[in-house]
Amino acid sequence: MTEKKYIVALDQGTTSSRAVVMDHDANIISVSQREFEQIYPKPGWVEHDPMEIWATQSSTLVEVLAKADISSDQIAAIGITNQRETTIVWEKETGKPIYNAIVWQCRRTAEICEHLKRDGMEEYIRNNTGLVIDPYFSGTKVKWILDHVEGSRERARRGELLFGTVDTWLIWKMTQGRVHVTDYTNASRTMLFNIHTLDWDDKMLEVLDIPREMLPEVRRSSEVYGQTNIGGKGGTRIPISGIAGDQQAALFGQLCVKEGMAKNTYGTGCFMLMNTGEKAVKSENGLLTTIACGPTGEVNYALEGAVFMAGASIQWLRDEMKLINDAYDSEYFATKVQNTNGVYVVPAFTGLGAPYWDPYARGAIFGLTRGVNANHIIRATLESIAYQTRDVLEAMQADSGIRLHALRVDGGAVANNFLMQFQSDILGTRVERPEVREVTALGAAYLAGLAVGFWQNLDELQEKAVIEREFRPGIETTERNYRYAGWKKAIKRAMAWEEHDE
């Protein structure tokens, strides 16, 4: 009798590294998770230690197999999904980073972005990379490291330094430096990649003065990139055969592989993607055009709206404001009041993402009166997540001409029934919550499994997708529009706050 086989998904996120073991029926067998340090050297700056990312991720891999009580030779393949845009530069010879990882949330490159705008690069970047000029993307982060670490640009030219997003870093470490590779989805988030020619963009490399020698090879999201040895007797070599940035992995895990299907992931930030099939839709409404995974991991395109603060705003209620002890408490307190008593919270702690793209916006609470209590502020913070999602959906529908009939949701905050119901109310559309919540890991597992024949095709996966609960709108259109108008007023007043500082 042959031993039962499994897929392992490594999910390297913004605040933790996770490993998930799945069987052929897409059941989760075991999960391991380790948090790591968030480093804030200056206001608006965010870093991670790349060695800590690697240490936490590699230890979760060992732990998850031990928890599942399976041996490494029962693993058919490993898929990787990761926080996108986060930028690492390391020495080819030693594998040692020359600087901390600069995280996607970090705003330190706002000045470089202003220069790009002044130099008239906006249209070129929009047309060729699908992105807007913002500190969010990797390109300006790589430039910043090369500008600030002495001698690094020359070393990069000589081929001594390598750049990678987190997927590239993990695969480099897992293959002992044999494989320097990324996939199309991660490359499409760097602002250095031409999403039409599917190659690094020479003009962007020239403008940011980034040597091509340091860039990884770009491949499909579902194929064998290399093999890793995860110990065990004789050290079984396991194929690494799936890579996708976290949001594209979630889109694939939700099986949004047809044009017009959309999902929203509620994690640290909020990320909404709509598959636009084989055509790259240029956004006129502040969204990104990005690469997604087609039915067999080939290139599809998607529209994306990124909201910077979702789950992070609930953490703020807990850690900084001390209004709740646990993120799960937010639903309980939000339902202790009938409404927000006119309060709007705009959680623009690190600026605003789509569709506004204002790095100078800052967080604010509007509509405070003497009758407002902590529960109103908690409720308004949760509601802000749903309002920001509507901002993105309005832009998406305008760009694509597609009216969304249902939104598939995933991520930690979808366990919050109050938030999901309010999301449906404020969108005026169905919200579908799947039974398997780990859809990001699921997407990475699907991509890895399809590449090695663990699953034969998408039809086999469709049978495994079960909707656990559907939320339907429960408020009238006039009420919906009235509340949303208040939100738009609040957003307007939070914008450009920092710009006026001398």
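Any Cβ shown, glycine's included, is placed from N, Cα and C.
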Among Asp209, Asp246, Asp319, the candidate listed by Swiss-Prot alongside Thr14, Arg84, Glu85, Tyr136 for sn-glycerol 3-phosphate is Asp246
What are the other residues, in sequence order, whose C-beta lies within 8 angstroms of the center of the C-beta atoms of Thr14, Arg84, Glu85, Tyr136, Asp246 at the sn-glycerol 3-phosphate site? Asn82, Gln83, Thr86, Val103, Trp104, Arg189, Gly245, Gln247, Gly269
Spatially, and counting Cα to Cα, which of the binding-site residues is closest to Arg84 (sn-glycerol 3-phosphate binding site)? Options: Thr15, Arg18, Gln247, Gly311. Gln247
When the Cα of Arg18 (ADP binding site) is compared with the Cα of each of the binding-site residues Glu85, Tyr136, Asp246, Gln247, Gln315, which one is closest? Asp246
Setting Arg84, Glu85, Tyr136, Asp246, Gln247 aside, what same-chain residues sit with their Cβ within 8 Å of the center of the Cβ atoms that define the glycerol site, listed in sequence order? Gln83, Thr86, Trp104, Arg189, Gly245, Phe271, Ala306
Could you state the CA-to-CA distance between Gly311 (ADP binding site) and Thr14 (sn-glycerol 3-phosphate binding site) to the nearest Å? 11
Thr14 (sn-glycerol 3-phosphate binding site) and Gly412 (ADP binding site), Cα-Cα, nearest whole angstrom: 13
